[in-house]
Every structure is written in C-alpha cells, then in structure tokens.
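Feature annotation from Swiss-Prot assigns active site to Glu53, Asp71; the stated evidence is sequence analysis. Annotation comment: Swiss-Prot describes Cys24-Cys146, Cys48-Cys134, Cys83-Cys99, Cys95-Cys113 as disulfide bond. Residues or ranges marked as domain 'C-type lysozyme' in Swiss-Prot (evidence: sequence analysis): 19-148. The signal peptide annotation in Swiss-Prot covers 1-18.
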Amino acid sequence: MKALLILGLLLFSVAVQGKVFERCELARSLKRFGMDNFRGISLANWMCLARWESNYNTQATNYNAGDQSTDYGIFQINSHWWCNDGKTPGAVNACHLPCGALLQDDITQAVACAKRVVSDPQGIRAWVAWRSHCQNQDLTSYIQGCGV
C-alpha cells in the first residue's frame, strides 16, 4: 500500500511539472511549426526567448503583481493582453484562447499565440527577457548541433 502511495505521488508530481523540452527537441519542434524566420525572427531568437522566459518548461507561470496578470507557458504569454485566465482585470484575450491552453505539453496553441504576439508592431520586443538576454547577442549556441 505504501509503495502505491509513493508511486501515485511520483506520477502526480510528473503530471504537474509538465513537459520540459530538451534544447534540440524544442528547436526541431519550432522549426516544424514554421517559427524559423517567421516575421523575420530567427529560430535562434525563439530559442533564446523560450530559454530565458520558461527554461523550456510548458508549465511555467509567473504572476505580475503590478497589473495582476500572469505569464503562461513556454513563451510566458501574458494574460492581460493575449489569453483569458478568468481573473486578470481588463484582459483583452487577443489570441482568443484560455491561458490554460498555453500550459499544454502540445505547444501548438502556444506557438500560434506567439506568432500573434509578434504580428503586432512591437514584434519580439514585446518580451522583456528577449530584450534583456537575446537582443544584439550571438545566439548560435541555442541551435548549435541540433541539425536545424
């Protein structure tokens, strides 16, 4: 009985953690989703963004006390502008999806919403982590050895 309880707890912790992509696994996935040079943004830029926003974790969330919004998923897409979490005051939901959809292991909806974000005039500069860690940097290491 004790062994079953421990096994159950281990399985629960894995389910809650979500998918953490390996670097090259994510690079290949993003390439398949057409992210390389989408709106002129290189695959290496997307990889750098995902690394600094979520460390490649689909379940990452971060609460922003200032505007009471939350950033969701592998790209840390914000609930004030892009998705609906049912609790962010004045949410716009420009991607027309529930924020929980951005936390799925299948990143199809997260990619579609990220494409929507960069279609706005601010582009990839909408992400603070990209401006702080990726802009004007050599990003080759993010895709090196991945065959993409």
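A Cβ is built for glycine as well, from the same backbone N, Cα and C atoms used for every other residue.
Known features from Swiss-Prot, placed on the structure.
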residue : record         : contacts (Cβ under 8 Å, 6+ apart)
Cys24   : disulfide bond : Ile143, Gly145, Cys146, Gly147, Val148
Cys48   : disulfide bond : Trp130, His133, Cys134, Gln137, Leu139, Tyr142
Glu53   : active site    : Ala60, Asp71, Ile74, Phe75, Gln76, Trp127, Ala129
Cys83   : disulfide bond : Tyr72, Ile77, Ala91, Asn93, Cys95, Leu97, Pro98, Cys99, Ala101, Leu102, Cys113
Disulfide-bonded residues compared (Cys95, Cys99, Cys113, Cys134, Cys146) - highest count of Cβ atoms within 10 Å: Cys99
DSSP three-state assignment (helix, strand or coil) for Cys24 (disulfide bond): helix
The domain 'C-type lysozyme' (19-148): DSSP-derived helix, strand, coil residue counts: 51 helix, 16 strand, 63 coil
Neighbour count (Cβ, 10 Å) for Asp71 (active site): 24
